[in-house]
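The compositional bias 'Polar residues' annotation in TrEMBL covers 1-24. What TrEMBL records for 1-37 is region 'Disordered'. Feature annotation from TrEMBL assigns domain 'Major facilitator superfamily (MFS) profile' to 98-523. The annotation transmembrane segment is assigned in TrEMBL to 99-119, 134-152, 164-186, 192-210, 222-241, 253-272, 316-339, 359-381, 402-423, 435-458, 470-487, 499-520.
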Amino acid sequence: MATTTGQQDFASTIGKQNIRQPTETFKDDDSSDVPVEPISDVEIGHRATNISLGAAASLPQEHRDYLIARHGTLDLDPIPSDDPADPYNWPEWKKMANLILVGFHAMITTFTAAAIIPAYESIAEEFETSITKASYLTSMQIVVLGFAPLFWKPVANRYGRRPVWLISTICSLLFNVGCALCHSYGSMAACRVMGAFFISPAIAIGSGIVTETYFKRQRAQFMGVWTLLVTLGPPGGPFIMGFVTEQTGDYRWIYWVLAIINGIQFIAYIFLGPETRYIRRGVEHRGSAFKQEYMQFRRIDPNPFSFYDFVQPLSLFKYPTIVIPTCAYSIVFGFSSVLMTVEIPQLFVPKFGFDSQQIGLQFIGIIIGSVVGEQIGGRLSDFWMRRKANALNQATQPEFRLWLSYLGFLLAMVGVIVFGVRYEQAAQDHWNVTPIIGVAIAAVGNQIVTTVIVTYCIDSHIEQSASIGVFVNVVRQTWGFIGPFWFPDMLTALGGSGSGGLMAGIIFVVSWIPIIFVQWQGRKWRKAERSPISSPRVDKIETAQKEGLKDEV
């Protein structure tokens, strides 16, 4: 069994020296104090991607010296290797550049789906069909974006993230060019479906990228960057492409602009998108850090593919600490993002007589609200976690984050009510900004909920971090696909005020109340859910020591 140098040294240290490992005593359950080692076990796929070891004081002196020189502290969770190619050891600018690339990639997935919203009328006229059928060109992309990452996740685990990003962007470019050259509805639909399949990886795998590069204390802040960009996709597409359609007079320029964006992404990944899939156990790393990060297009994980790999994220339905928060978040996302994005053109064009450019401007409320919500949700979530742990003299618990989600639910409820009521009260052909203020309030709440809930799910099952991104995406996109089929009927039957009240009630019943139960019982559920790979941390230390001794022999 091949091992890294750091792992061999550690195994030797454990086996040959009697070192007392320092521990901190936290209140780890309701009845007793348990010594807890400050370690973590992140697994993306079948192989661990961090050192699953004990306290940093037990590492070889050379390894500790490297960590002190690189990070200025040994208080790191997880503890990285002593290899410069390890993403945890990258300089901050490099981590941020990679995160922005992946986050922007995730944004472009939904950006592409929503980009043609201002052009529905033009598409319907050209292909002699209805606006409703033209909207299916967006709906079909939404559902493909939900399920395509089930294919990309195991591929990215075996061959790395970098090859997937490059294939994704160049193939998406080709199919956007195909859309621009299509002269029938069927051929455009086919190109849209294939384009969605290839552009989809980042919308789900992005959560794993954050986990692979940032320490636990930074997780919510930088997870928020990724989730913010995902959220900005649906409003950003029609906001920008409304101007493109109106100024060029030809909606096909939407596809040309998307193709240009994909080309820029491809070039940026070549120079600024290093490999983040770094296996720290059982694999020997050869070559310089530059070669490992940029030049090695080969199989990283030797484990064979199996059918289960492609459906494994769906198995997360068995974890209440994942499925309940995911459903709660998806409801908020559906009303605060999908409904606003899809229904604003259908509501505002007949009532206010807007053109494509004016419709695009209505989405600025979602954009501003999402940015504000991220400033609240990211940093405040991490701050609240640390403060709560210090106040209770406990190890940080994932449930500490959930307190902030209630603010998000409340703002989402207020926002959808304000939007519905003020739209209904607006006079024909007399637009005012108040419905968009409601949209912005809902967007603030949606972004807070997004950051807090996704980070909570990953904190609860860190060993499933990449799968969680795929799972959340499947549930969210499925709900986002179903919603537009009944949103118009709801708005017609209940009006703006009634619809706003109904949506707020659904958020309270299906999102707010279940999260209260998760916060109350989540810790108990997590203990019951533990599998060997995510067993209590003290047990993992013993397992790591045994494996280390075995490797040494």
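Just so it is clear, glycine is given a Cβ too, placed from its N, Cα and C backbone atoms.
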Query raised in the report: In the same chain, who gets a Cβ under 8 Å from the transmembrane segment (359-381) while lying at least 6 residues past its ends?
Result: 117-118, 220-225, 227-228, 231-232, 234-236, 238-243, 246, 337, 340-341, 344-345, 348-349, 401, 404, 407-408, 411, 415, 436-437, 439-452, 455
Requested in this report: With Cβ distances under 8 Å as the criterion, find the stretch in 134-152, 164-186, 222-241, 435-458, 470-487 that has the most pairs with the transmembrane segment (99-119).
Outcome: 222-241
Query - Distal contacts, the transmembrane segment (134-152) - CB-CB under 8 A, six or more residues away - result: 109-110, 112-114, 116-117, 120-121, 123-124, 127, 164, 168, 188-189, 192-193, 195-197, 199-201, 203-205, 310-311, 313-314, 342, 469-470, 473-474, 476-478, 480-481, 484
Report task. Can you tell me which of 192-210, 253-272, 435-458 gets the most C-beta pairs within less than 8 Å of the transmembrane segment (164-186)? Result -> 253-272
**Report entry** Whole-number mean of pLDDT values that fall within the domain 'Major facilitator superfamily (MFS) profile' (98-523)
**Finding:** 89
**Report entry** Segment-segment contact (the transmembrane segment (435-458); the transmembrane segment (253-272)) at 3 or more Cβ pairs under 8 Å
**Finding:** no
Requested in this report: Could you pull out which residues elsewhere in the chain have a CB under 8 Å from any CB of the transmembrane segment (470-487), counting only those six or more residues past its ends?
Outcome: 135, 139, 142-143, 145-147, 149-150, 153, 203-205, 207, 313-314, 316-317, 322-323, 326-327, 329-331, 333-334, 337-339, 342-343, 454, 457
Report summary line: Lying 6 or more residues past either end of the transmembrane segment (222-241) yet within Cβ distance under 8 Å of it, the residues of that chain are 99-100, 102-104, 106-119, 203, 206-207, 209-210, 213-214, 254, 257, 333, 337-338, 340-341, 345, 359-361, 363-367, 370-371, 373-374, 377-379, 381, 443, 446-447, 450-451, 454-455, 458
